[in-house]
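Engineer: Feature table excerpt (Swiss-Prot):
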REGION    1-354  region 'Glutamate 5-kinase'
BINDING   Ser128, Asp227, Asn242  substrate binding site
BINDING   Ser262, Asn263, Thr301, Gly302, Gly303, Met304, Glu305, Ser306, Lys307  ATP binding site
REGION    355-802  region 'Gamma-glutamyl phosphate reductase'
Amino acid sequence: MFRATRCLRLPLRNSHINILRPTQTELIKTRSSALAPYEKVSPITAVGATPVGVGNGNYCYSTKTRQKHPLINTRNDLKKAQRVVVKLGSAVITREDECGLALGRLASIVEQVSELQQSGRQMLIVSSGAVAFGRQKLRQELVMSMSMRQTLRGPSGMTADKRACAASGMPGLMSLYEQLFQQYGITVAQVLLTKPDIDDDQRRKNLQATIESLLSLNIIPIVNANDAVAPDPKLNMHISDNDSLAARLSAEIEAELLIILSNVNGVYTGPPDLEGSRLLYTYVPSENSGVTFGANSKFGTGGMESKVTACVNALNNGVTTVITNGLAQDAITDAVAGKKIGTMFCNTKGYEGPPIEEVAEKCRDAGRQLAALSNKERGAMVRHLAALLVDKEKYIIEANQTDLANAKSAGLDPQLLNRLKMTPEKIQDLHAGLNTIADSAETLVGRVLKKVKISEGLFLEQVTVPIGSLMVIFESRPDCLPQVASLAMASGNALLLKGGKEAEESNKALHALVQEALGTHGFEMRDAVTLVRSREDVADLLQLKDLIDLIIPRGSSDLVRSMQEKSKGIPVLGHAEGVCHVYIDKDCDEQKAIQIVRDSKCDYPSACNAAETILIHKDLATAPFFDSLCSMFKAEGVKLHAGPKLAALLKFAPPPAESMSFEYGSLECTLEVVDNVEEAVAHIIRYGSGHTESIITENTNTAEHFLKHVDSACAFHNASTRFADGYRFGLGAEVGISTGRIHARGPVGVEGLLTTKWLLRGEGHLVEDFKNGKYSYLHENLNPSEVYRALDAAGELKKATA
């Protein structure tokens with residue numbers, strides 16, 4: 001038995017309150033799976049209600065004054081919101097024909113609200129839709145009342161009074177809500193409001209007490225303006241639309257968060273369909289006065305301007321607000337989880353920095369300044385960065401030690417810890433590598449690849465230029481940051497970097513040195529290499545095809561695949577999987593074969609160029625060589641999986657492979673038997689990932705057949721697959737490995753960060769001159785040095801001296 005000073009019973013027959021209770025409802029129901037994305041909130045503690053026994057196992061609740069909550073100013077803190085108001089716009093829950101509700105969308109919204117309610121939060125819905133629901137019913141009644149002649153004419157011009165539609169639609173709308181929430185064991189209550197309920201102090205207190213009682217009973221109030229008796233909207237903020245109602249109500253019940261669902265993604269700098277309009281992820285009233293609003297939605301009474309006004313009023317009363325697209329999947333739960341969706345209204349304090357679009361734009365602009373420098377000037381910047389790495393070695397290692405300590409306490413895999421660790425030896429290797437890149441920078445940009453004499457006095461050149469703006473995402477390895485930054489600096493590209501969170505302090509320290517190098521020699525280009533901090537920013541950047549030209553993920557196959565799936569119109573340079581093969585031919589040198597297979601599989605098992613499948617000629621599968629091969633694998637601790645043909649051939653075969661196209665990334669591999677080189681090639685084409693394949697044979701004809709017909713980025717003869725690496729190819733620091741078919745393929749060095757453009761120089765030439773015979777086409781290929789030589793990236797050209 002619980003005791004309390006005061007019991008509060010809900011007036012069930014109030015003309016404005018309807019309690020809709022499922023037949024079997026738990027008072028407070030929690031679901032562990034629903035708590036994962038959010039912060040757990042104790043239902044009773046959060047409400048401030050104490051259960052009091054009233055007999056027969058039933059309870060009523062006493063209410064207490066809720067503690068004053070601090071204003072939420074960052075998305076990370078949104079998950080702490082305990083009392084959440086969700087406003088459903090007409091455009092979200094109404095069908096396109098404005099007649100009836102979008103049932104699938106409404107069911108999804110109910111599911112999300114139920115999930116949050118069951119996680120311990122107090123949810124309240126401000127819902128539109130009664131007019132649309134009633135319009136559908138009244139339209140049917142109008143049709144039934146029409147004469148035959150009117151029916152044949154069609155329904156054009158048939159209208160129903162909005163108040164009548166609201167009166168007719170309210171019962172059906174609430175019945176629908178009841179049925180949907182009943183599937184989750186949740187009780188709902190209808191609260192209809194008119195203007196006096198808000199304006200009159202006593203009625204407003206009664207309203208507040210009623211809602212507090214409903215929330216304390218774990219009931220979701222569904223609130224709407226009583227449009228059946230509503231007067232014409234007023235100019236002042238009362239309840240002229242449901243946005244204002246939601247904002248006012250959120251302030252009255254001291255909600256921490258108001259989510260307004262609309263049919264647009266949030267607040268834009270101008271009308272969303274206007275060219276140049278940009279979505280504002282954060283709206284600070286004191287800093288966003290220049291927003292231009294478009295027309296209202298055809299569905300409801302409140303346009304974006306009314307939403308912004310309502311949100312600002314809510315913010316002034318201590319309620320953080322998010323406007324987001326209710327048509328998007330999981331919009332409500334994503335907003336509460338703090339994901340970067342929609343527009344968040346907050347004060348200057350706690351402001352999360354400039355929008356990522358502005359960051360990307362500044363980076364691109366600084367990159368263009370970088371590209372305008374001479375090759376020599378960019379090379380000097382890279383050399384300065386190399387020197388800084390040595391000079392600031394102690395600073396780098398101290399920051400790295402912080403990351404290592406955090407990673408160890410978090411239980412990071414030892415192999416990943418090794419990648420994360422920065423040592424004096426690694427820094428010396430970086431120093432040497434960056435100086436090599438600086439040397440190559442002097443011939444990179446502006447190099448003439450082709451020179452054609454089109455006609456007398458008309459010359460065409462193809463020259464190398466930077467791609468533009470790059471985004472590189474890498475995991476665990478902080479030494480990747482200065483490598484990629486130096487490649488971008490040398491090639492004149494802007495660069496957005498996102499490293500793994502486990503290397504956060506190391507990346508900050510290294511990025512500071514990169515920025516110092518970019519600010520030397522009288523140049524101020526620090527924004528040309530920008531470090532992106534949050535995962536949400538990466539998701540936003542993947543949509544900016546006008547600001548980013550190439551994405552390069554460096555990490556696991558899951559990372560690469562994720563970038564390829566989420567990128568919207570931006571090319572991704574990389575490979576999703578590294579299913580590499582080694583084919584051992586019947587004419588192989590057996591000792592050489594065992595050594596190559598050992599190196600391919602065991603040298604670095606998690607590398608993308610490690611062998612994952614070993615194909616063996618059928619003649620070797622029953623020879624002593626097979627036992628020697630298996631003994632080597634056993635000594636190296638490699639777990640074997642048998643392909644179907646090998647399993648059928650052996651009496652006691654290894655366990656079967658789950659897939660013939662699988663990247664283990666560890667000391668495991670698949671063994672399979674093939675009849676000949678043709679079958680080996682067919683197997684690789686079917687199951688391979690297009691990365692690297694190797695044949696071991698002393699038969700030159702067999703080797704050439706393999707090299708010609710294997711359709712992968714790299715094909716080797718009598719060599720380990722581990723040679724598929726930019727450094728081993730002599731490309732300098734490696735940008736990545738690509739299995740794509742355009743721009744770059746295989747290991748990609750700094751050349752992969754360049755593209756070309758055509759320069760045509762004439763003397764007033766016209767196409768018409770070639771039609772009337774004044775000029776004729778020569779198309780004579782020239783050695784570029786014979787006529788012109790590109791001296792720098794600024795496009796300055798000079799006649800070559802004899």
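Note that the numbers count up from 1, one per residue, in the order the chain is shown.
Including glycine, each Cβ sits where the backbone N, Cα and C put it.
Values in this document were obtained by computation on a predicted structure and should not be read as measured data.
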Engineer: Three states by DSSP: which one describes Ser128 (substrate binding site)?
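Structural biologist: Reduced to three states, the DSSP call for Ser128 (substrate binding site) is coil.
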Engineer: Between the Cα atoms of Asn242 (substrate binding site) and Glu305 (ATP binding site), find the distance and write it as a whole number of Å.
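Structural biologist: Asn242 (substrate binding site) and Glu305 (ATP binding site) have their Cα atoms 13 Å apart.
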Engineer: At the level of the C-alpha atoms, what whole-angstrom distance separates Lys307 (ATP binding site) and Ser128 (substrate binding site)?
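Structural biologist: Cα-Cα distance, Lys307 (ATP binding site) to Ser128 (substrate binding site): 14 Å.
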Engineer: When a 10 Å sphere is centred on the Cβ of Lys307 (ATP binding site), how many other Cβ atoms does it contain?
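Structural biologist: There are 28 of them.
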Engineer: Give me the count of other Cβ atoms within 10 A of the Cβ belonging to Ser128 (substrate binding site).
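Structural biologist: Counting Cβ neighbours of Ser128 (substrate binding site) within 10 Å gives 28.
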Engineer: If you count Cβ atoms within 10 Å of the Cβ of Asn242 (substrate binding site), leaving out that atom itself, what do you get?
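Structural biologist: Excluding its own Cβ, the number within 10 Å is 28.
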Engineer: Check the DSSP secondary structure of Glu305 (ATP binding site), expressed as helix, strand or coil.
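Structural biologist: Note: Glu305 (ATP binding site) is helical by DSSP.
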Engineer: Whole-number Å only: compute the distance from the Cα of Glu305 (ATP binding site) to the Cα of Ser128 (substrate binding site).
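Structural biologist: Cα of Glu305 (ATP binding site) to Cα of Ser128 (substrate binding site) measures 18 Å after rounding.
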